[in-house]
């Protein structure tokens with residue numbers, strides 16, 4: 001399939017970093033995956049180990065030592081859970097599992113004695129994370145990840161829905177893709193974090209939400225080819241745009257999706273610049289963490305390109321956005337972010 005040039009050309013003026021511990025952590029994750037009986041397939045175990053360590057190495061490259069290993073365990077579990085959304089078609093069955101996992105994330109001791117391997121793996125991962133974080137960081141992180149489980153349950157229910165508007169898609173994507181959950185990594189990893197007042201400031205929240213929505217829309221771009229070839233019933237920004245505008249051709253749908261993503265990234269860069277003018281050390285660390293997640297997502301998905309069926313070298317960065325518009329896009333689900341620019 002010929003891919004429109006805009007699909008895999010990513011505007012991103014943010015530098016990425018890579019953890020020097022990647023290979024060591026990946027080897028440990030491979031052994032842990034087998035110890036937790038998450039798979040008996042060595043090839044699958046190797047892929048999961050690289051994915052789990054890769055999330056840490058590219059998204060949170062400054063997490064080292066025990067924290068890197070604890071987060072990588074969770075990343076493995078998150079990868080598996082995300083895949084199960086498509087495999088289990090009964091919302092009741094998946095919802096029951098997601099609810100159990102959400103509670104294990106909040107309190108690992110609730111893991112049932114007769115649970116499945118995924119239950120035990122999550123309990124081990126979150127017990128490990130709890131030991132490495134301060135109580136404040138732990139509560140923040142575990143609550144955010146539990147929140148993501150609700151999004152996965154929603155996504156599983158959407159198998160029964162034919163189409164979503166762009167507004168509804170972005171509202172659901174915020175939770176399903178883990179925007180709130182992903183930003184929690186930027187809070188957990190640095191030694192210093194923003195105060196409660198700084199973190200809750202509307203401009204900080206708008207910046208974090210916009211940053212993580214960029215990641216979510218980038219993931220739609222990475223998975224486009226694989227889902228087109230398999231005819232997967234996956235809700236994406238492109239499917240939502242086509243649902244609202246059935247007459248649009250494939251390339252125009254992709255261009256509009258990329259333009260929306262670039263407008264959101266442009267807004268994030270504006271909000272970040274305003275916040276950095278008088279930011280505390282903790283807030284600066286948080287914003288740097290958001291930067292690393294955005295840039296790291298590009299490196300990670302290029303590295304994991306085979307999973308998405310992408311041709312080698314097809315992921316590119318671009319110095320210019322497809323859309324420089326500074327006004328809100330007229331989508332109720334996200335327009336309020338723009339109100340914080342200049343506020």
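From the backbone N, Cα and C atoms, a Cβ is placed for every residue, glycine too.
As annotated by Swiss-Prot, Mg(2+) binding site applies to 219, 223, 227.
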Item to check | CB within-chain contacts under 8 A for residue 219 (Mg(2+) binding site), separation at least 6 | outcome: 177, 297, 301
Item to check | Reduced DSSP assignment, residue 223 (Mg(2+) binding site) | outcome: coil
